[in-house]
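Beneath this line is the structure, given in structure tokens, with notes to follow.
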Amino acid sequence: MQTNFLSQQFNAGFLAENFTACPANATICDGTSCVLPEDTFNQTLSVVLSTVLTIMLALVMFSMGCNVEIKNFLGHIKRPWGIFVGFLCQFGIMPLTAFLLSLAFNILPIQAVVVLIMGCCPGGTASNVIAYWVDGDMDLSISMTTCSTLFAMGMMPLCLFIYTKMWTDSDAIVLPYDSIGLSLVALVVPVSFGIFVNHKWPTKAKIILKVGSIVGAVLIVLIAVVGGILYKGSWVITPKLWIIGTIFPAAGYTLGFFLARIAGLSWHRCRTVSLETGMQNTQLCSTIVQLSFTPEQLELMFTFPLIYSIFQLLFALIILGGYRLYRRYCMKTNTDVEKTAEKEDSKSSAEINGGFVSDEMK
């Protein structure tokens with residue numbers, strides 16, 4: 001087993017005066033130098049934080065499930081017009097946008113590949129928390145996140161095969177199907193418990209939801225901070241990747257919203273689809289990148305997933321702030337105005353959606 005060692009040089013005169021200067025855990029100590037085992041503090045810290053964040057995420061998704069009605073959720077699954085629109089955004093708009101941005105900025109092939117990997121990833125769970133705060137359709141949000149993660153097992157290889165052919169062999173990209181599967185389980189199981197609690201004890205579910213939404217907001221910020229601390233890659237990367245990392249999530253939010261509106265979805269569902277489109281599973285992208293490239297290649301683009309994560313969060317907070325200001329100052333009794341518009345929207349799309357009109361629109 002190969003072990004990495006940290007070598008520390010000591011002053012020979014000082015060692016001659018004080019033989020105890022060599023640390024007790026030194027592997028080799030010849031009087032002039034000591035060889036110490038690699039410090040595993042950062043590795044241990046990473047494991048501990050990952051465990052804590054995973055538990056927190058499961059609790060947050062449990063609370064989000066407490067806002068899902070079984071009847072409405074099954075309605076989206078049986079008549080999946082909203083899910084289909086989200087699918088087009090997730091695996092149509094995002095990979096194509098990544099491809100066009102890579103061409104437009106003429107970045108290195110290895111950098112183009114990581115941008116495309118980000119574009120092909122499924123939606124992230126943070127979108128469910130933000131969707132709740134912007135009064136989105138939680139039934140649609142949860143079902144879209146679940147379905148995009150499930151579809152990613154087939155759509156990611158297909159999209160990468162189509163778009164990366166001009167830069168690299170798609171076979172060189174390692175897709176961690178176990179990580180995708182774990183993400184799916186980590187999403188479905190707590191959400192299912194939340195739906196059950198909402199069905200059995202709706203009053204308690206509302207309390208859990210309020211607490212969980214606050215914890216979820218804290219968790220999103222915490223993940224960004226922890227990612228910045230623990231990332232091993234160099235922050236000295238080409239400005240082009242910073243620019244792409246800024247434009248890409250903004251394009252995802254904007255194009256997702258407009259495609260949903262063109263498809264005839266109601267305003268609160270347009271907000272939901274927009275968030276589900278722009279917010280990607282950046283942790284999955286980081287995993288794929290680490291598995292697929294050499295350390296020399298990683299130096300050129302390893303921090304791009306974190307850059308995307310920062311800006312997707314920043315734009316999501318801007319959307320949230322803008323919506324809250326709009327609701328406070330511009331909705332003159334705007335709840336009624338929007339609900340009326342949503343009724344019209346849902347009826348106009350009922351023909352496309354097999355005649356399905358959600359109960360909340362009736």
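Using the three backbone atoms N, Cα and C, a Cβ is placed for every residue, glycine included.
Automatic prediction, not curation, is the source of TrEMBL annotations.
Per TrEMBL, the features are:
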- 340-362: region 'Disordered' (REGION)
- 45-63: transmembrane segment (TRANSMEM)
- 83-105: transmembrane segment (TRANSMEM)
- 112-134: transmembrane segment (TRANSMEM)
- 140-163: transmembrane segment (TRANSMEM)
- 175-195: transmembrane segment (TRANSMEM)
- 207-229: transmembrane segment (TRANSMEM)
- 241-263: transmembrane segment (TRANSMEM)
- 300-323: transmembrane segment (TRANSMEM)
Contact call for the transmembrane segment (175-195) and the transmembrane segment (241-263): at least 3 Cβ pairs under 8 Å, seq gap 6+:
no
Long-range neighbours of the transmembrane segment (83-105), counting only residues six or more past its ends (CB under 8 A):
76-77, 111-112, 115-116, 118-120, 122-123, 140, 143-144, 147-148, 151, 155, 159, 162-163, 167, 240, 243-244, 247-248, 251-252, 255-256, 259-260, 263, 265, 273, 276-277, 280
Which listed range (112-134, 241-263, 300-323) shows the maximal number of Cβ pairs under 8 Å with respect to the transmembrane segment (140-163)?
112-134
Please report, as numbers and ranges, the same-chain residues at least 6 past the borders of the transmembrane segment (241-263) whose CB is under 8 Å from any CB of it.
81, 85-86, 88-89, 93-94, 97-98, 101-102, 105, 107, 111, 115, 118-119, 269-280, 301, 304, 307-308, 310-312, 315-316, 319, 349, 352
